[in-house]
């Protein structure tokens with residue numbers, strides 16, 4: 001066994017993996033109230049609620065384009081820096097490691113390689129040599145489509161996005177320029193989507209004994225001086241996925257509750273019909289993307305535009321070629337002591353803002369009947385008090401109960417906060433035993449963009465029509 005002393009030192013460590021790999025983000029109290037704002041064309045209700053998000057993952061996203069610490073076989077210290085995806089690399093003399101790559105067509109003798117002293121440069125060089133051989137000998141007959149993965153979330157806070165996409169997402173988030181203030185005020189709805197296009201994965205053989213990864217020159221004292229202990233044990237990067245990833249920001253000022261469904265259709269490439277609510281939402285959506293990988297420059301690209309560029313962005317990196325090289329986009333780690341895959345548990349509280357808009361409407365009355373008519377129209381107007389509780393204020397049309405003759409027309413504007421709309425219309429028959437006859441009576445009418453109630457006919461045969469226009 002290589003380096004028995006170091007081997008015994010690592011095997012003797014006793015620690016709680018779950019405790020070491022758990023990160024608790026923001027903690028907030030649920031002290032939020034509803035509020036309503038009457039705008040010129042609509043009544044907007046803003047509701048904020050405490051939400052919690054937890055993730056358990058062994059697949060860690062890479063958002064830095066040139067991180068020399070993240071290569072297969074790298075030894076990382078388990079501490080706060082690892083939880084923040086800004087790991088501390090243990091740089092000591094290393095023993096050889098065996099690597100494999102999962103590109104199709106490779107003969108068994110070509111699918112693995114050994115690196116004598118693993119480091120970022122030596123591993124990268126060896127992998128690049130193998131990739132060059134694959135492109136030359138196998139790439140022409142083996143068309144490699146990217147393995148597509150995606151995940152999405154409606155953005156409410158940076159802590160929420162870091163739990164979802166990785167602790168170092170803030171770097172990418174800054175490039176996306178996420179306007180959280182507009183989200184919290186209800187002015188915008190924003191969704192973040194992460195597309196991963198995996199070209200190939202480089203893995204290292206499982207470590208049989210912890211001491212096998214070190215040269216004999218490395219001592220227990222060397223590890224102790226670098227802070228390695230049961231409180232700060234070691235993991236090694238067991239695999240790295242290479243490819244291309246795209247972070248999309250979809251931003252709209254629409255207040256519709258169909259926004260998430262419209263974005264889902266966009267992501268899945270569903271054809272959206274014209275003259276639909278989804279089409280209106282997407283036409284009112286701005287797109288910003290941060291692209292990592294798939295470009296010989298090896299840098300991050302930021303592009304902006306409309307939704308019609310989303311499909312092009314995805315198709316652009318859909319296949320692995322020499323012109324579309326892969327960058328590290330995610331990695332997994334295993335504990336050096338026992339090869340158990342490291343699973344990170346992250347959680348946070350955040351404030352979800354839900355906005356519901358109620359358009360103003362009009363109630364049109366048209367009376368052309370050969371009789372005297374009376375109208376009784378009432379409704380409630382919704383508001384919220386300082387505790388966020390609903391307050392319903394009774395309202396009535398100022399011409400209720402008046403005798404109105406033909407031809408009478410009027411339009412009653414109704415604000416978006418109108419609830420419990422009731423309309424009763426009666427006509428004078430002239431009959432002693434039934435002086436007034438009800439022509440129309442409905443309660444709890446929904447507020448629509450335009451409702452026209454027309455009455456006509458004679459005293460004994462009154463007619464009525466209730467026509468709704470709500471496009």
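Any Cβ shown, glycine's included, is placed from N, Cα and C.
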Candidate ranges 427-437, 438-448 [criterion: Swiss-Prot lists as motif 'Conserved undecapeptide']: 427-437
Transmembrane segment per Swiss-Prot - which of 178-187, 188-197, 198-207: 178-187
From 246-255, 256-265, 286-295, the residue range that Swiss-Prot assigns the feature transmembrane segment: 256-265
